[in-house]
Amino acid sequence: MLLLVLDLLGIAVFAVSGALLAVRQRFDIVGVLVLATLTGLGGGWIRDVLIGVAPPTSLEDWRYLTVPVACGLVAFWFHPALERVDRPVIVFDAFGLGLFGVAGALKAAEHGAGPVAAAILGMVTCIGGGIIRDVLAGRAPVVLTTGELYAIPALAGSAVAAAGFEVGLPTVAVAIPAAALTIGWRLLAIWRGWKAPLPKSS
Amino acid sequence: MLLLVLDLLGIAVFAVSGALLAVRQRFDIVGVLVLATLTGLGGGWIRDVLIGVAPPTSLEDWRYLTVPVACGLVAFWFHPALERVDRPVIVFDAFGLGLFGVAGALKAAEHGAGPVAAAILGMVTCIGGGIIRDVLAGRAPVVLTTGELYAIPALAGSAVAAAGFEVGLPTVAVAIPAAALTIGWRLLAIWRGWKAPLPKSS
Amino acid sequence: MLLLVLDLLGIAVFAVSGALLAVRQRFDIVGVLVLATLTGLGGGWIRDVLIGVAPPTSLEDWRYLTVPVACGLVAFWFHPALERVDRPVIVFDAFGLGLFGVAGALKAAEHGAGPVAAAILGMVTCIGGGIIRDVLAGRAPVVLTTGELYAIPALAGSAVAAAGFEVGLPTVAVAIPAAALTIGWRLLAIWRGWKAPLPKSS
């Protein structure tokens, strides 16, 4: 139950980021709802397609579909207010990141992915939606270009979860420290201004 | 038989729009054919991947592959003439929209998707190809940004079809009114200039 | 064994092209590694998704994952040196093209794709990664716009391989001439400056 709430909260944060970008790029109502939905659920859909879960779980569950649509409608009407709540959103987003990565890695492992593939698919669950959002909005994918420490903490948590599953630890014992690693690393990176390296100019 | 002809006609209209955009963006012959094919068939491929039909049906059927390739070749050589037949194409496109959405929703439902997922997948069948086309051609997806009433009538028809399937009505009794809803709404929107709302500027 | 080495070499050449483009576009380390991996392996993942192989084979094999990651790291640190070795890379790339197309077509055929679908999926294996690379980097897909003879030789070799499989020839007897056709045509096209046609301006 708590997990479901956290999961939906993570989806909501992602969906709002998609909807706000769509509003800024002057998408219409369809574009805002589609971008909110793809940003919130797209990473999980890519993961489900790659592990052969068809149709993707969240496409079948009205609770998972309602959240991004509601977020999209709120953003469509109240975007000026939403643009002002950056700080708390960054913290929710870190929790969503931890949860998505670990849940994604464990789901992949349960469907037969090996530990390396499961770790990668956990990261894909986290960053897939944002990449779809940025491609459709016509900008360089934020998660690949800004040096923000985002995909790396997600991969770390996913890898811990996948490794724990591989050696047979109980899910809870694996999921909590794995998610904590992602969330802690991400929050520390924001707080201390840590960045991933950029290539040297040639 | 009639259904097949209508289906191929819908694909042809989509394929021509992809091929003409490719010509305008100075794609080469490969690009024109690839864009024609992805625009004509890509929405159905995304649907098939999401419901676990592999390989996608239209990738296995030479009739479905021949149409976009032929359209691409015609557009490659005769694009100045094709650019001039906008009006009739908009009507064919509305028929293709109704057909694609309903057929897509019913196919998804037959492969085990629930009614909500089936309705969404019907819409995906309609708009997926055009979104791929626009992303590859480097422009904002028309279906998400122009306020054209396109995805919404498609979703409405798909939803009716999916609901009818869910309650066990015979396919024909479901498909005809569902497609008529999409086609009628779309044609009315063009004729009366109805638009989907855009976000207010902040 | 030789096949595996050639396969990994082809992936490496693709991965380097993705990593160098990412460096030029000022992606961060995550972006460089993701683009290297998607360029090297993405075409095969699209093929695997379309034929229902989940998870994709190369996502489960650490040797296939190590190559693009290593290439990405090398490109991240030594890109000025790498930018200077264009000539030999073009030859390796032609070999990779021949190999990817034929192996992709045969894999698709073995998983139940008909000969036409298998030929197309062989070409998709070749050009899918490069298209993902260019879309994520925000440029027009090179393989669709430059008139380079690239996809056409790949499709020719894939078609020969798929046809040979269809009539029941042994794999080796099919694969070698099919790959030779792609590689020879590609190298001749580079050497003689052959191009695919572009549309006439209207």
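Positions of Cβ are set from backbone N, Cα and C atoms, glycine also.
Note that this is a predicted model, so its numbers are computed, not measured.
Residues or ranges marked as domain 'Glycine transporter' in TrEMBL: A:5-79 (among others).
TrEMBL lists A:6-23 (among others) with the feature transmembrane segment. Within its own chain, the transmembrane segment (A:6-23) is flanked in space by residues 31-41, 43, 58, 63-64, 67-68, 71-72, 74-76, 79, 82-83, 89, 92-93, 95-97, 99-100, 103, 129-130, 133-134, 137, 139, which lie at least six positions past its ends and keep a Cβ under 8 Å from the stretch.
The list of residues near the transmembrane segment (A:30-50) in space but at least 6 beyond its ends in sequence, with Cβ under 8 angstroms from a Cβ of it, reads 11-12, 14-19, 21-23, 56-59, 64-65, 67-69, 71-73, 75-76, 100, 104, 107-108, 121, 124-130, 132-133, 136-137. TrEMBL lists A:30-50 (among others) with the feature transmembrane segment.
Marked as transmembrane segment by TrEMBL: A:62-82 (among others).
Sequence annotations record features per position, and here TrEMBL assigns transmembrane segment to A:89-109 (among others).
The annotation domain 'Glycine transporter' is assigned in TrEMBL to A:91-162 (among others). Across the domain 'Glycine transporter' (A:91-162), mean pLDDT in this model comes to 94.
Per TrEMBL, transmembrane segment is recorded for A:115-136 (among others).
Annotated transmembrane segment per TrEMBL: A:148-165 (among others), in sequence order.
Counting only same-chain residues 6+ beyond the ends of the transmembrane segment (A:171-191), those with a CB under 8 A from a CB of the stretch are 90-91, 94-95, 97-99, 101-103, 105-106, 148-150, 152-154, 156-158, 160-161, 164-165. According to TrEMBL, the feature transmembrane segment maps to A:171-191 (among others).
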Tally of DSSP helical, extended and coil residues in the domain 'Glycine transporter' (A:91-162): 58 helix, 1 strand, 13 coil
